Amino acid sequence: MAWPTTDPCSFSSFSKCVTKHLNLTFHVDFDSHVLKAKVALTVEVLVDNFTSLTLDTKDLKVSKVTANGQAAKFTLGAKHSFMGTPLEITLPFDLSRGQHVIVEVTYETAPSASALQWLTPEQTAGKKHPYLFSQCQATHCRSMVPCQDTPAMKHTYYAQVSVPKELVAVMSALRDGEEPDPQDSSRIIYRFRQPVPMPCYLIAIVVGALESREIGPRSRVWSEKEFVDKAAYEFSETETMLKTAEGLAGPYVWGQYDILVLPPSFPYGGMENPCLTFATPTLLAGDRSLSSVIAHEISHSWTGNLVTNKTWEHFWLNEGHTVYLERMIGRSMESEQFRQFKAMGGWKDLQESVNTFGANNPLTNLVPNLNEVDLDEAFSSVPYEKGFSLLYHLEELMGGPEVFMGFVKSYIQLFSYSSITTEEWKHYLFTYFKNKVGILNKVDWNAWMYTPGMPPVKPQYDSTMADACIALCKRWVKPCEEDAGSVPTQRLQQRRDPLQASSCSGVPSWLRLCVKSKWEDAVPMALKMATEQGRMKFTRPLFKEVYNFDKYHEEAVRVFIVHRAAMHPVTANLVAKDLKVDTDKST
């Protein structure tokens with residue numbers, strides 16, 4: 001199998017040139033909701049007679065391009081429905097293989113940039129200042145920076161960010177000082193440097209009324225002041241997790257490991273931006289997955305950020321290994337039974353994703369074909385949990401967790417600072433376990449990698465902790481049933497104090513079950529939770545469940561349209577598709 005030199009999700013080709021460094025200059029304009037920006041890309045040429053290159057953009061207003069300081073001609077190609085627009089740059093000179101060129105692009109982002117969410121003061125905890133945050137994974141960096149927007153490309157970056165002086169800027173990089181903006185006394189410039197090469201989907205920026213607290217020798221937690229002390233308490237085990245991960249995977253190379261708690265509209269549980277993990281505020285509201293989310297994002301410091309999938313078809317390399325390492329951290333800090341319990345939950349998540357997509361949907365392949373596929377719509381637990389299931393199956397075949405973790409650590413060391421494919425991973429697996437090639441050859445690789453649906457092998461997990469949970473549940477239910485008599489089960493919930501929508505991670509599932517059971521009193525609660533926070537894991541299923549309740553079909557659409565403007569662009573786009581809303585008419 002030939003390894004790719006192009007990415008179906010990018011207009012740029014990494015067979016002709018590679019980006020080595022970005023120098024970013026951002027002027028954050030809260031009045032117009034745009035970044036007025038420049039980026040200087042240091043590009044290494046890989047072929048002779050090099051005269052042009054293509055960058056990914058999406059809704060950017062490009063005003064000027066230079067190459068080594070000389071004016072360069074540029075054109076913007078046809079706009080693709082979700083990939084954006086190719087920026088074709090013609091150099092004023094020829095270059096040979098091995099030479100470098102600095103291409104500088106002056107541009108402005110669109111107010112609707114899919115990587116950026118601009119919050120009004122009313123949408124923040126403090127209610128006094130606006131807020132900006134980015135989310136570039138998987139292919140949204142191009143709406144913030146013209147770049148080779150592919151995970152095959154790893155580069156360092158430097159940035160200077162001008163913001164109103166009452167606000168603070170942080171990025172996925174080391175802080176490198178601040179100074180008054182010489183162009184405007186009401187603003188301040190923050191500087192950042194990222195010396196470790198990383199893919200551009202990990203570029204991240206946050207601007208707001210932020211405060212921080214130290215939570216470890218190399219860690220701070222950042223948030224609005226209303227939450228910062230609670231966040232510091234909740235994330236107090238961060239250093240212990242970091243040390244545990246280092247014991248398993250090798251040294252942490254990124255220097256700082258900070259956590260930033262975002263406003264409720266952040267669409268994910270966490271995001272592994274280097275030096276600055278993003279976390280949902282639902283983790284501060286009794287979400288029992290807190291330790292797993294942070295262990296997962298810490299693990300990405302090795303699997304994903306240090307060793308990266310070359311293209312998004314190989315996303316399972318990032319996520320399967322990260323779930324495996326996350327659960328090994330849980331094993332070290334808790335027990336093997338705890339790891340088994342989390343794996344059982346993951347299998348159920350995988351089953352739900354397969355049911356949602358359909359068992360024959362090629363997007364449930366571990367390695368899917370992503371030609372003309374919108375990655376936001378393809379996102380699911382498949383690369384996470386099907387990937388973990390494969391690694392766990394191999395662990396059992398190769399000799400247990402200690403033996404297989406030895407392979408994972410060696411794999412990380414070998415491929416650090418690079419982007420790789422499934423074929424490269426598999427080749428190294430066979431090389432590392434050269435004495436067990438006969439066993440590996442019996443694995444049905446086609447069924448695991450390229451066949452839709454559930455994995456060909458279902459692991460037999462230790463159910464000790466799950467059995468204890470089920471027994472406790474039965475003890476809780478039995479006296480309630482005796483007390484309730486003939487009262488329907490769905491009405492039984494009314495006998496309890498109403499649960500706050502944000503109180504724990506189990507509430508969304510409970511609300512979905514209530515709505516599915518046609519309990520009408522649950523509909524307002526479900527829509528309330530779907531709109532008070534924006535974590536897609538909760539918001540999309542809640543909206544869909546209400547939408548599928550015929551009587552409340554129109555109410556789901558009405559509530560979505562009312563709240564759409566306050567949602568993250570990606571969340572709003574996907575919920576609109578779930579509810580079959582014409583996006584042009586809903587704005």
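Just so you know, glycine gets a Cβ as well, placed from its N, Cα and C.
Taken from TrEMBL as is:
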type: BINDING; residues: GLN135, CYS136, GLN137, PRO267, TYR268, GLY269, GLY270, MET271, GLU272, ARG535, MET536, LYS537; note: peptide binding site
type: BINDING; residues: HIS296, HIS300, GLU319; note: Zn(2+) binding site
type: ACT_SITE; residues: GLU297; note: active site, proton acceptor
type: ACT_SITE; residues: TYR384; note: active site, proton donor
type: DOMAIN; residues: 464-579; note: domain 'Peptidase M1 leukotriene A4 hydrolase/aminopeptidase C-terminal'
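Taking the features listed in TrEMBL, we show where each one sits on the structure.
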residue : record               : Cβ contacts under 8 Å, 6 or more apart
GLN135  : peptide binding site : ALA115, GLN117, ALA204, PHE266, PRO267, TYR268, MET271, PHE278, HIS568, VAL570
GLN137  : peptide binding site : TYR201, LEU202, MET271
GLY270  : peptide binding site : THR277, PHE278, ALA279, THR280, VAL293, ILE294, HIS296, GLU297
GLU272  : peptide binding site : LEU202, HIS296, GLU297, HIS300, SER301, GLY304, ASN305, THR322
GLU319  : Zn(2+) binding site  : GLY304, PRO383, TYR384, GLY387
MET536  : peptide binding site : PRO267, TYR268, VAL570, THR571, LEU574
- Query: Taking GLN135, CYS136, GLN137, PRO267, TYR268, GLY269, GLY270, MET271, GLU272, ARG535, MET536, LYS537 as the record's peptide-binding set, what's the max Cα pairwise distance in Å, rounded to a whole number?
  - Reply: 18
- If you draw a 10 Å sphere on the Cβ of TYR268 (peptide binding site), how many other Cβ atoms land inside? 20
- Item | Cβ packing number for GLU297 (active site, proton acceptor), 10 Å threshold | 24
- Query: Relative to the mean position of the Cβ atoms of HIS296, HIS300, GLU319, the recorded Zn(2+) site, which additional same-chain residues have Cβ within 8 Å?
  - Reply: GLU272, GLU297, SER299, THR303, GLY304, ASN318, THR322, VAL323, GLU326, TYR384
- Integer average pLDDT (0 to 100) for the domain 'Peptidase M1 leukotriene A4 hydrolase/aminopeptidase C-terminal' (464-579): 78
- Just how many other Cβ atoms lie inside 10 Å of the Cβ on the residue listed as 'active site, proton donor'? 23
